[in-house]
Amino acid sequence: MEEDRVLSSVHSTVFKESESLEGKCDKIEGYDFNQGVNYPKLLRSMLTTGFQASNLGDVIDVVNQMLEWRLSDETIAPEDCSEEEKDPAYRESVKCKIFLGFTSNLVSSGVRETIRYLVQHHMVDVIVTTTGGVEEDLIKCLAPTFKGDFSLPGAYLRSKGLNRIGNLLVPNDNYCKFEDWIIPIFDQMLKEQKEESVLWTPSKLLARLGKEINNESSYLYWAYKMNIPVFCRGLTDGSLGDMLYFHSFRTSGLVIDVVQDIRAMNGEAVHATPRKTGMIILGGGLPKHHICNANMMRNGADYAVFINTGQEFDGSDSGARPDEAVSWGKIRGSAKTVKVYCDATIAFPLLVAETFASKREQSCEHKT
């Protein structure tokens, strides 16, 4: 009798009755290759694959929500709307304002071409990057970056004048070509500052470099052409900073005003209303925080997508999940957010394929 009681207790513990999840959660099911190779369906199946594949599927959903949102989706509040904002045609034309941030290593990689595609077709509204994210774009117009290996010895590469970025190799000659190209531009900027009272800011400098490079492979060129602002808070950290340093010895006096740029950057968020704002941030560091901080000025972004491999246990901003930014007012509590823990060189091209690129293809097909 006692044994039966114990067995019954153990049985009820092991086989505890479950709450039904039917209709509440997606069933986990991967792509069936018996259907043939269909890449759009494969990408859509990520949502129900599990782990970071599901997070990638969620990222795709959130970005598509950014792209599909229109002011006409919102209820009109007459007391808060201008006459223009009450017009149905105007409301249908107002889209989400998208901030794109990325670190320099992604421009060193082939993700540069994905970024260039977005900028070329004016699919994003504001860009924030690091100095490396600027100079690597320009340098690639002058000379290529090559595939190497993560394990190549640093001392050996140094003896050959080769710089390693992960498993990429950048010959030091590339930076020599960069110096030859950019110093005359600094000279001309200084002349315009003195003779025409031009007030240079980091974003004005980057627009000028985009104009001067005049190369369609460059995202900076397309940002200049499309009048998309590119902000770089840490302008002097990198080869571009080295060039400014060397130039200051040749002829002093070139001034670049960062205060005007913080007003401009924060203004992009503050004056976005009545638009919603969305953040797509690849990697962490300065671009991630600069975009989030600007959106704090408007009580937070409405959509946020983070793609990086950073962890939050060390308290770094780079590794923080979107929910931490909610606590600061940088992302709204009601926002659609997701972070995918993945190398952005893998995740971002797949994301663009199933969002920006597919929607552009559909739009082109509809027009024809």
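Cβ atoms are placed via backbone N, Cα and C, with glycine included.
According to Swiss-Prot, the protein has these features:
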- Lys330: active site, nucleophile (ACT_SITE)
- 104-108, 130-132, Glu136, Asp237, Gly284, 309-310, 343-344: NAD(+) binding site (BINDING)
- Glu135, Glu136, Asp242, His289, Gly315, Ser316, Asp317, Glu324, Ala325, Val326, Ser327, Trp328, Gly329, Lys330: spermidine binding site (BINDING)
### Task
Measure from the CA atom of Glu135 (spermidine binding site) to the CA atom of Leu106 (NAD(+) binding site) and give the result in Å, rounded to a whole number.
12
### Query
Which residues does Asp242 (spermidine binding site) neighbour through Cβ under 8 Å, counting only same-chain ones at least six apart?
Tyr175
### Summary
One should report the C-alpha separation between Ala344 (NAD(+) binding site) and Asp317 (spermidine binding site), rounded to whole angstrom, as 17
### Message
Roughly how many Å lie between the Cα atoms of Ser104 (NAD(+) binding site) and Ala325 (spermidine binding site), rounded to a whole value?
### Response
23
### Task
For Ser327 (spermidine binding site), just give me the three-state DSSP call.
helix
### Query
Which residues of the same chain, at least 6 positions away in sequence, have a Cβ lying under 8 Å from the Cβ of Thr131 (NAD(+) binding site)?
Ser104, Cys232, Gly234, Leu235, Thr236, Asp237, Gly238, Ser239, Leu240, Gly241
### Message
Can you give me the same-chain residues 6 or more apart in sequence from Gly329 (spermidine binding site) with a CB-CB distance under 8 Å?
### Response
Met296, Asn299, Gly300
### Query
Among all the protein chains here, how many other CB atoms are within 10 A of the CB of Ser108 (NAD(+) binding site)?
21
